[in-house]
């Protein structure tokens, strides 16, 4: 079991953040088999055991079932011997010193990526309003549009423009304390503060910043303790006239299981909508990206690429990287013929829009199982293999996010979907039979 457990840990580490892995997954200890495919897993205390079971138990069971070749059920329990006072490895923020001093700025980590600036952001009709609002906030934090709530689909540039605000604020005033953090990281730090009895430090850390940038705020919905703490953090910063910027995948009033008091606060400033880029903006994005990579892209090639990939900026840039790699590896110039060859699967995929329901039905028929089996909790390979294939195809052929796909497959966690997609992606290159299965299914779905 120890060998399998070690391999499982490596697999999980690829699917979760470093903070989550170090704080919650690595400390787990594998016990022995207690019969009927059930294995004991120990955490330091009941709280940790319950937390890991609820959020990552399914992912661990999925990975171990695949490695052992049979369904696995994990039984989580506490082992006080594992409890030790270790320091949290998640990002922390140094509190502002009393008396108006800013503290040691060298020890403060903003979490910002310096590549995300307003200069590197391509402005078009789809995002002009968001860009203008973000620039205004960066020039005068908390003077207008507080909070600024940016929402839109996956890969449209919300994170880019949010971090551009932070980088611009620091460019104007390097002594400002700016913090960019994902909502998942906020939740992890909160849980660690409760676990290690450092709640006061947690509160002081987050309430000492001048600008707080929170990405994917929708993920705190349904999490009572996290919503409670974020509510008080929001109020403290707002009353102190500090700037708050948030991103989400939908309007505040459309986020399910979000407390009304938070919903009203998220919408009391400016709510800005990030739309998918139009053709001209997609072309401009491609040309800017190509220029930064030292590539020369003919206009006809740029327009063809922009027309072939209409989903989001992330996939558009991914297509350009793929074309560039294909040209580099084959030693050929970037021509229309090369682009069509390197993106033939994407170009063919434009012919028909595919839904999650169609994918589930097609995969179920192909593997001679039921759609309900794909959404069930069974980890038998008879069902787990088709389920992973279906999840992979959903990510490849639809615009749904990992959490959305997980919800369609029996309410599974997004990490389970992420693992399924990565496993299929890895195996198809070395398993011709799997590659043939995927090609057949894609052909059926795109007819």
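Any Cβ shown, glycine's included, is placed from N, Cα and C.
If you check Swiss-Prot, you get these features:
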BINDING   155, 157, 158, 159  ATP binding site
COMPBIAS  88-99  compositional bias 'Polar residues'
REGION    1-70  region 'Domain I, interacts with DnaA modulators'
REGION    70-110  region 'Domain II'
REGION    87-109  region 'Disordered'
REGION    111-327  region 'Domain III, AAA+ region'
REGION    328-447  region 'Domain IV, binds dsDNA'
Could you name the residues, excluding 155, 157, 158, 159, of the same chain that surround the ATP site, i.e. Cβ within 8 Å of the Cβ centre of those residues, in sequence order?
152, 154, 156, 160, 161, 247, 274, 312, 313, 314
Would you identify which of the binding-site residues 155, 157 has the most other C-beta atoms lying within 10 angstroms of its C-beta?
157
For residue 159 (ATP binding site), which residues of its chain lie six or more apart in sequence with Cβ-Cβ distance below 8 Å?
116, 215, 247
At a 10 Å cut-off from the C-beta of residue 158 (ATP binding site), count the other C-beta atoms across all protein chains.
23
